[in-house]
Amino acid sequence: MNIPENQPLKTFSDGKTIPQMGFGVCGIAPDATERAVLTAFETGYRHVDTATIYKNEKEVGSALKNSGLTREDVFVTGKLWNTDQGFETALEACEKSLELLDTDYLDLYLIHWAQPALGKYRQSWDALIELRERGLVKSIGVSNFTTEQIDSLKPSRVTPVVHQIELHPYLNQQIQRADNADRGILTEAWSPLGQGKDINDDAVAAIAAEHGITNAQVILAWHLAIDNIVIPKSVTAERIRANFEAPQVHLTVDNLMALGSRPQGERLGGDPAEGDLGAPEYSDRDSFRSAK
Ligand SMILES: NC(=O)c1ccc[n+]([C@@H]2O[C@H](COP(=O)([O-])OP(=O)(O)OC[C@H]3O[C@@H](n4cnc5c(N)ncnc54)[C@H](OP(=O)(O)O)[C@@H]3O)[C@@H](O)[C@H]2O)c1
């Protein structure tokens, strides 16, 4: 990848690299996606996190095409949706995503949810291995798995390079992060800002005031300091730009300890252990949430 030198990179167990700071597009309406992604590229982001279920892959593809960047300049993550799980269906779903994104390959392809009730995630994992062998995806990983579900992939002899999980100061996932690290799997934080809900927390605001930065920058700098890959989403140009400055923030040990000990709250999304939370009828996040 041709990533500007000032960007922090993390290295996967397969030797490939990923920009630690990415841009998430979940919940961005298709007609707002190209603009938001172009703003991210203009700002300097070189990593986009999308998924079939976000229904904006085509627009992410348009942004890639119209950005003036080459395909090798950008790291693109896609995700296999629940209803596409299975061997042949996963192969087809990935090919469809490539077509929508108008690209020959994905840098990273994840199983979006384990969905144990479906009982197909091992077959899906075999499909991801096949996709990697065919060169259609460079690296493969999982999202929203339990440690036991990850361990059940062992017969394939291929370890996910990434585990993408809900992770923010109010759900700090200490145990899952440690389990991932023990297995050589990088942790990627979804909803890294807690969807903006607790961003005005007093402890975060105090650290922001101490450094003269925004609350979101504090939270993102915490993630980066504890080695999480982050993919904050925003449709607001000013926020997209400000969030990207987080790697320049140096928090103190006291700051990190304060952020790492915030009161832990409820999950914003589903629990991988419970399984069947991304049911097909919940095709967007609002209905997904209200159904919880
Ligand atoms: N694997 C999974 O199951 C899964 C699940 C959920 C999300 N994800 C991925 O993770 C990405 C990020 O998660 P997310 O979108 O749920 O939540 P998030 O990034 O934690 O938060 C996004 C929210 O925070 C606001 N925001 C962003 N920057 C801000 C700032 N500087 N100050 C104040 N508010 C700010 C945004 O508002 P505006 O947009 O209005 O500016 C938006 O409402 C997604 O886009 C997706 O790529 C993956």
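Residue numbering: from 1, along the chain as shown.
Cβ atoms are placed via backbone N, Cα and C, with glycine included.
So that you can see what the record holds, here are the features copied from TrEMBL:
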{"type": "DOMAIN", "residues": "28-196", "note": "domain 'NADP-dependent oxidoreductase'"}
{"type": "ACT_SITE", "residues": "Tyr54", "note": "active site, proton donor"}
{"type": "SITE", "residues": "Lys79", "note": "site 'Lowers pKa of active site Tyr'"}
{"type": "BINDING", "residues": "His112", "note": "substrate binding site"}
{"type": "REGION", "residues": "262-292", "note": "region 'Disordered'"}
{"type": "COMPBIAS", "residues": "282-292", "note": "compositional bias 'Basic and acidic residues'"}
If you count the other Cβ atoms within 10 Å of each Cβ, which of the recorded positions Lys79, His112 comes out on top? Lys79
May I ask you to report the DSSP-based helix, strand or coil state of the residue listed as 'active site, proton donor'? helix
Taking the Cα atoms as reference points, how far is the residue listed as 'substrate binding site' from Lys79 (site 'Lowers pKa of active site Tyr') in Å? 5
Averaged pLDDT score, the domain 'NADP-dependent oxidoreductase' (28-196): 97
In chain order, residues whose C-beta lies under 8 angstroms from the C-beta of the residue listed as 'active site, proton donor', counting only those at least six residues away in the same chain, are Val25, Cys26, Gly27, Ile28
Local backbone state of the residue listed as 'substrate binding site', from DSSP in three classes: coil
Once DSSP output is merged into helix, strand and coil, Lys79 (site 'Lowers pKa of active site Tyr') belongs to strand
